[in-house]
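**Q** According to Swiss-Prot, the record shows the following:
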- Glu103: active site, proton acceptor (ACT_SITE)
- Thr28, Gly29, Ser30, Thr31, Asp81, Ser82, Ala83, Asp84, Lys94, Gly95, Gly96, Gly97, Lys121: substrate binding site (BINDING)
Amino acid sequence: MNLNELKKKAAWAALDYIYPGTVIGVGTGSTVFYFIQALSTVKHLISGAVSSSNSSTVLLKKNGIRVLDLNTFDFLEIYVDSADEINNDMQMIKGGGAALTKEKIIAAMSKKFVCIIDESKKVNILGTFPLPIEIIPIAFSYISKEILKIGGQPKLRENIITDNGNVIIDVYNLFINDPISVEKKINSLPGVVSVGLFASRVADVVLIGTQKGVEIIKN
């Protein structure tokens with residue numbers, strides 16, 4: 001099986017965590033694309049979805065799934081999203097799709113975070129995949145210098161403006177042995193909107209598409 005088939009396996013397995021009448025938080029990315037397709041088969045059972053990006057909103061509506069405003073809820077029962085990398089502690093790098101800020105907000109408001117990945121995303125140490133940081137544009141020079149101080153190589157992601165009107169710095173060669181500390185450090189920098197390091201709010205369940213089937217890891 002190729003990676004897309006493994007992603008699809010994990011995405012469809014997430015339906016086991018969907019219950020009638022609930023509102024589903026929905027992430028962004030290629031694996032989530034398969035989850036939205038799967039979710040459309042039970043759309044008559046759920047109350048709707050909260051979307052983490054404009055691109056996911058388009059896909060949800062295209063599949064006939066009602067999209068709701070997050071601000072009308074105090075919490076969500078479940079959030080389903082993928083990750084660019086995930087370690088053994090279920091901490092993640094996310095934001096390859098530039099939706100990290102909304103993803104963090106929805107994850108924080110959700111009782112259960114189900115992460116759907118293919119087996120290539122599982123790592124021992126985070127950082128092989130570049131770490132995304134959403135920043136306001138005027139802060140690029142300052143934040144880049146601060147990232148260099150902690151050993152990372154910052155690069156502006158070209159031709160990308162986030163749904164919030166900001167830009168993305170991708171940090172290369174930053175191998176993250178202490179994810180919680182790094183998350184706090186970067187979040188404290190003036191001009192940072194959000195960092196794509198999910199170290200404090202980890203996944204509750206990870207569904208991993210493998211050649212042998214779907215592996216389930218619970219926190």
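Glycine residues also receive a Cβ, built from the backbone N, Cα and C atoms like all the rest.
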**Q** Identify, among the binding-site residues Lys94, Lys121, the residue whose Cβ has the fewest other Cβ atoms within 10 Å in this structure.
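**A** Per-residue Cβ counts within 10 Å for the binding-site residues Lys94, Lys121 bottom out at Lys121.
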**Q** Excluding Thr28, Gly29, Ser30, Thr31, Asp81, Ser82, Ala83, Asp84, Lys94, Gly95, Gly96, Gly97, Lys121, which residues of the same chain place their Cβ within 8 Å of the centroid of the Cβ atoms of the recorded substrate site?
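**A** Other same-chain residues with Cβ inside the cutoff are Gly27, Val32.
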**Q** With every protein chain in view, what's the tally of Cβ atoms within 10 Å of the Cβ of the residue listed as 'active site, proton acceptor', excluding that atom itself?
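**A** For the residue listed as 'active site, proton acceptor', the 10 Å Cβ neighbour count is 30.
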**Q** What's the CA to CA span in angstrom from Lys121 (substrate binding site) over to Glu103 (active site, proton acceptor)?
**A** 18
**Q** Just checking: which of Thr28, Lys94, Gly96 have a Cα that is within 10 Å of the Cα of Glu103 (active site, proton acceptor), counting only these binding-site residues?
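**A** So far as Cα distances go, the binding-site residues lying within 10 Å of Glu103 (active site, proton acceptor) are Thr28, Lys94.
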**Q** With Cβ-Cβ distance below 8 Å and at least 6 positions apart along the chain, what are the contacts of Ala83 (substrate binding site)? List them in sequence order.
**A** Met92, Ile93, Lys94, Cys115, Ile117, Lys121, Phe198, Ala203
**Q** Among all protein chains shown, how many Cβ atoms are found within 10 Å of the Cβ of Gly96 (substrate binding site), not counting that one?
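**A** Looking across every protein chain shown, the total is 21.
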**Q** Work through the binding-site residues one by one (Thr28, Ser30, Asp81) and point out the residue whose CB has the fewest other CB atoms within 10 angstroms.
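**A** Relative to the other binding-site residues in Thr28, Ser30, Asp81, Ser30 has the fewest Cβ atoms within 10 Å.
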**Q** What whole-number distance in angstrom separates the two most remote CA atoms of the substrate-binding residues Thr28, Gly29, Ser30, Thr31, Asp81, Ser82, Ala83, Asp84, Lys94, Gly95, Gly96, Gly97, Lys121?
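**A** Spelled out: the longest distance between any two Cα atoms in Thr28, Gly29, Ser30, Thr31, Asp81, Ser82, Ala83, Asp84, Lys94, Gly95, Gly96, Gly97, Lys121 is 15 Å.
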